[in-house]
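Enquirer: After the structure tokens below, expect a handful of questions from me.
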């Protein structure tokens with residue numbers, strides 16, 4: 001798919017397959033692909049062996065026959081003389097248009113799919129079977145079967161080490177706000193107990209947040225769902241039930257832990273919703289948001305104010321009431337895992353993981369403030385009310401530190417970017433590696449100076465050098481990049497003479513580029529280099545893994 005060229009071939013009797021093929025072509029063009037569209041019989045089928053990406057759209061007529069404009073293609077493809085690997089370079093997918101009231105429903109698409117497989121083609125998807133009898137043309141991916149009573153509720157079987165499908169339930173030990181109450185930003189220092197998890201190393205902790213209790217309640221009320229009911233899912237095609245959903249599953253688990261109801265919905269959400277709308281006003285609006293012409297209106301309604309899918313459902317009450325439950329997994333994406341740099345070392349804090357979390361909350365044009373799903377969920381976990389747990393797993397981060405105990409390490413971590421460096425400094429100090437320099441920046445010494453007492457203790461113990469930048473504590477703003485320039489002699493000595501490693505972590509806005517520019521100025525000033533030579537030195541450090549960065553948006 002790297003060439004971004006797509007061929008859409010259609011076999012159409014009444015025009016529906018051609019119309020569908022044209023829609024697929026338009027969607028692909030919107031994704032900046034080069035698209036060719038042809039009827040199967042006007043296409044030179046001998047060229048199929050050199051195609052890389054094809055979507056076949058074909059109708060079934062009468063008693064399971066191919067449409068008139070694909071009969072030549074059909075005869076050629078079913079020649080017994082064709083070698084079994086003749087289409088081994090082809091990535092493709094088949095969409096069938098049929099009518100389930102006929103006995104040979106989508107027979108052509110199923111047979112074509114099988115034949116392409118036999119000729120060595122790589123099928124990107126299971127065969128798509130559109131049904132003219134269905135309200136939406138396409139059936140939902142799963143059908144819900146509600147149960148009257150549940151005897152066999154699945155229990156968790158922990159495996160080691162934890163994985164995305166089997167996370168470890170870590171108990172929250174403490175959840176403390178580390179910014180001053182008057183400070184605009186709520187930042188939490190959270191400690192999690194991982195005793196018995198078999199986690200022995202890791203730089204990044206992964207977790208999937210839960211939807212807020214009031215959102216779960218509102219969602220269930222809007223769709224008239226009982227959160228305590230259980231159901232099983234049956235796939236309508238050859239796909240499998242999502243592995244994270246237990247069978248049977250409660251409505252509460254589905255809505256609280258699986259469906260991303262607080263995300264800003266995509267255009268496809270409105271397309272599916274529109275098919276259920278019988279209220280004329282709501283249907284017209286949903287169709288507008290689904291159309292190419294309505295994208296500016298959709299952006300103003302949804303993306304700009306960061307309106308959530310749940311709020312959209314509340315805005316279209318007549319349509320929401322008519323929504324078929326079977327389409328929930330087509331409408332809502334799965335909640336994706338979030339990652340946080342681990343801010344502690346197991347050598348200093350055995351069986352514990354600590355993280356620094358900036359709670360996302362801001363105003364848009366909507367009345368209710370916008371909230372980050374994961375940070376708000378974490379902030380709400382209060383261990384003083386009883387045991388609360390965060391299901392988690394860990395993975396390796398992108399930063400690697402030198403093994404040689406004498407190699408100095410220079411770390412620039414403003415704000416919560418300091419998290420991976422707190423972990424590294426704790427680890428290195430426990431191993432007797434004392435050549436640590438930390439540049440930490442925040443707004444104010446009295447409001448958001450994270451881990452201040454710990455840094456002061458480590459400076460006293462000779463385990464690190466600390467350089468701070470408090471941007472709002474004086475008239476002119478001072479950032480970490482200004483401190484990097486001020487410390488040019490120290491940095492040049494460490495980098496040029498002692499082979500130091502240099503690290504940046506934090507927000508991916510202007511900070512990383514500004515710090516890089518400051519570092520190049522250090523090379524020019526202290527090393528007598530030209531601008532090009534300074535850039536070459538930085539490039540050489542990056543190549544040798546002596547310059548590394550971990551930034552996030």
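For all residues, glycine too, the Cβ spot is worked out from N, Cα and C.
What TrEMBL lists as FMN binding site is 59-62, 97-106, 132. Annotated FAD binding site per TrEMBL: 306, 338, 339, 340, 341, 372, 373, 374, 375, 552, in sequence order. According to TrEMBL, the NADP(+) binding site annotation covers 416, 471, 472, 477, 478, 479, 480, 481. Under the heading domain 'Flavodoxin-like', TrEMBL lists 6-151. What TrEMBL records for 165-402 is domain 'FAD-binding FR-type'. Among the features that TrEMBL reports, signal peptide is placed at 1-17.
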Enquirer: What does the structure give for the C-alpha distance between residue 97 (FMN binding site) and residue 341 (FAD binding site)? Integer Å is fine.
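Expert: Spelling it out, the Cα of residue 97 (FMN binding site) and the Cα of residue 341 (FAD binding site) are 48 Å apart.
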Enquirer: Out of 97, 373, 478, 480, which of these binding-site residues shows the lowest number of other CB atoms within 10 Å of its CB?
Expert: 478
Enquirer: From the Cα of residue 341 (FAD binding site) across to the Cα of residue 101 (FMN binding site), what is the distance in angstrom?
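Expert: Pair distance, Cα basis, whole Å: 56 Å.
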Enquirer: Given the FAD binding site residues 306, 338, 339, 340, 341, 372, 373, 374, 375, 552 in the record, what is the largest Cα to Cα distance, rounded to whole Å?
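Expert: The two farthest binding residues have Cα atoms 26 Å apart.
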Enquirer: Between residue 59 (FMN binding site) and residue 481 (NADP(+) binding site), how many Å separate their Cα atoms?
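Expert: It is 63 Å, counting Cα to Cα.
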Enquirer: Using a 10 Å cut-off on CB atoms, tell me which of the binding-site residues 101, 339, 341, 375, 471 is the least crowded.
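Expert: Candidates: the binding-site residues 101, 339, 341, 375, 471. Fewest Cβ atoms within 10 Å: 101.
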Enquirer: Output, ordered by sequence, the same-chain residues six or more apart from residue 472 (NADP(+) binding site) with a CB under 8 Å from its CB, or 'none'.
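Expert: When sequence neighbours closer than 6 are ignored, residue 472 (NADP(+) binding site) has 443, 444 within Cβ distance under 8 Å.
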Enquirer: Do you know offhand how many angstrom separate residue 339 (FAD binding site) and residue 416 (NADP(+) binding site) by C-alpha?
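Expert: Checking the Cα atoms of residue 339 (FAD binding site) and residue 416 (NADP(+) binding site) gives a distance of 13 Å.
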